[in-house]
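What follows is a single structure, written as structure tokens, with notes after it.
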Amino acid sequence: MKKTPLLNVALSRLIASLGHGDVVVIGDAGLPVPPGVELIDLALTHGVPDFVSTLKVVLSEMQVESHALAKEIFDKQPTALSTLDELNDEGSLGRRDLLSHEQFKVLSRQARAIVRTGECQPYCNIVLVAGVTF
């Protein structure tokens, strides 16, 4: 059995296969998945798993160069934003880009995969751009 926090097979496979610049989206339960983009559906029920816990586990294994958020998170999700700011201050998220929610959905078309959580708070979505460890 793995010793690291991430146990989901599909998510482990995805992270292990990422190259520099590849895009992964972690989204709430309502984020649309564009045709042709892989869906890794972790959602069990409302709030399980939640956005922040899922993000922290992904960050335990993924090197991130930059991330993007929808601007709406500032008004709608101050608690989630506070956690994202802490992770950003730790250096876990790299450069931050802010987009409209519509621009965010367009960018998600480039994702290698979208990870759907059970989060039911709006705008709890993030685009992660893979970095390198060297």
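For all residues, glycine too, the Cβ spot is worked out from N, Cα and C.
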Task: Candidates Asp28, Asp41, the one Swiss-Prot lists with His101, Tyr123, Cys124, Asn125 as binding substrate - done: Asp28
Open item on the list: Other than Asp28, His101, Tyr123, Cys124, Asn125 themselves, what residues in this chain have Cβ atoms within 8 Å of the centroid of the substrate site's Cβ atoms?
Closed with: Gly27, Gly30, Leu31, Phe51, Ala70, Glu72, Ile73, Lys76, Gln77, Phe104, Glu119, Gln121, Pro122
Task: Site extent for substrate (largest Cα pair distance over Asp28, His101, Tyr123, Cys124, Asn125, Å) - done: 13
Open item on the list: I need the CA-to-CA distance for Tyr123 (substrate binding site) versus His20 (active site, proton donor), whole Å please.
Closed with: 26
